[in-house]
């Protein structure tokens, strides 16, 4: 009987250990909640003061505090680390709010994130300034970018589309009201197309007009034709479509002037035009020319695109520019166009110049992060903004058929825009069916 009890206890312990091992590999959120979070929280609490001291994140106490320590408490005067205000566990890590003492700034904490990551035994540490004098340490306990799955509550709304997951476990959203224009770069097999699919799938569910410019003969965007209001597949047609968009922009500005407002969203609902999102795939194709006589047309197209980037935000026209590479050597207007594209997402690229053009002007530190993206991890990208901040993101895997099915499901949201009628996708052109019964009129013989 004693042996049986021993075997049962050993079997239970082995089953528990095996379950934890399975959870660590297949259900990391469960493993983190049961094992990782308590261990990390205890390690952080036990080693916090000494870790901050050796990392140089402490300051000398004030004179009054040193006097009290020395003469009243009769204890040693030690450097003061940031004060812990709050520790909040999440399904992916810990979020710790720190009150910075006089003499420390958020940049000091951000410069030591790699040392803090190793000291506390977590996957990553990022620093966010919440308000003056306070920062939030976002610790991630496991690699959330290994298998990406967006939270269920992350759904498209207004003009906000959740498209990826950050390395700190938060959702990366494409907010067109805050960041009207964006540039997305990536080499072949880098995951750029996956990013576009997630974006189109989210946009298809919103009451917006989608305009496609795909100079690869439409091989990328043809499958989404059921939800597109316009689609062009050659540089010549793209120039005509961009001219039409500029004319629409000017008409919308006339409407704003008529109502005495400066923004599309200040107009009454009954007269407000529908927002337009222009999806440009392979932007480099708009710059390439085969002969010198084509350069004037190319320059005009690029300058019209720059005009849209400069002014179209106020009238609800947004640019989403994508490409494999982007550099000043593309030709006149490339740098001017880049300056209008606030949002930047750069996947793995084949040359450093593309990474510099994508992120070098807003977040120079992010260029190094782009060059270290491994080829066997498609979908990993670096997202930057004009504040100088950047983060690693990864889009969830989605097939072209899933995105196309969503476009067909929400095809009824395609607005009727007369100025885009000449560029309507072929799939939306209504062709009357052939008659199934012979005509009632009998043909007259030619000899009669």
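Including glycine, each Cβ sits where the backbone N, Cα and C put it.
Here is what TrEMBL records for this protein:
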type    : residues                               : note
BINDING : 186, 187, 188, 189, 190, 191, 192, 193 : ATP binding site
DOMAIN  : 167-356                                : domain 'FtsK'
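Structure with TrEMBL features highlighted.
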| residue | record | Cβ contacts under 8 Å, 6 or more apart |
| --- | --- | --- |
| 186 | ATP binding site | 192, 195, 322, 324, 346, 347, 348, 349, 381 |
| 187 | ATP binding site | 324, 325, 347, 348, 349, 350 |
| 188 | ATP binding site | 324 |
| 189 | ATP binding site | 375, 378 |
| 190 | ATP binding site | 347, 348, 349, 373, 378, 381 |
| 191 | ATP binding site | 347, 348, 378, 379, 380, 381, 394, 395 |
| 193 | ATP binding site | 220 |
Extra residues within 8 Å (Cβ to Cβ centroid of 186, 187, 188, 189, 190, 191, 192, 193), ATP: 194, 324, 347, 348, 378
Secondary structure at residue 192 (ATP binding site), reduced by DSSP to three states: helix
Integer average pLDDT (0 to 100) for the domain 'FtsK' (167-356): 91
Number of Cβ atoms other than its own within 10 Å, given for residue 192 (ATP binding site): 26
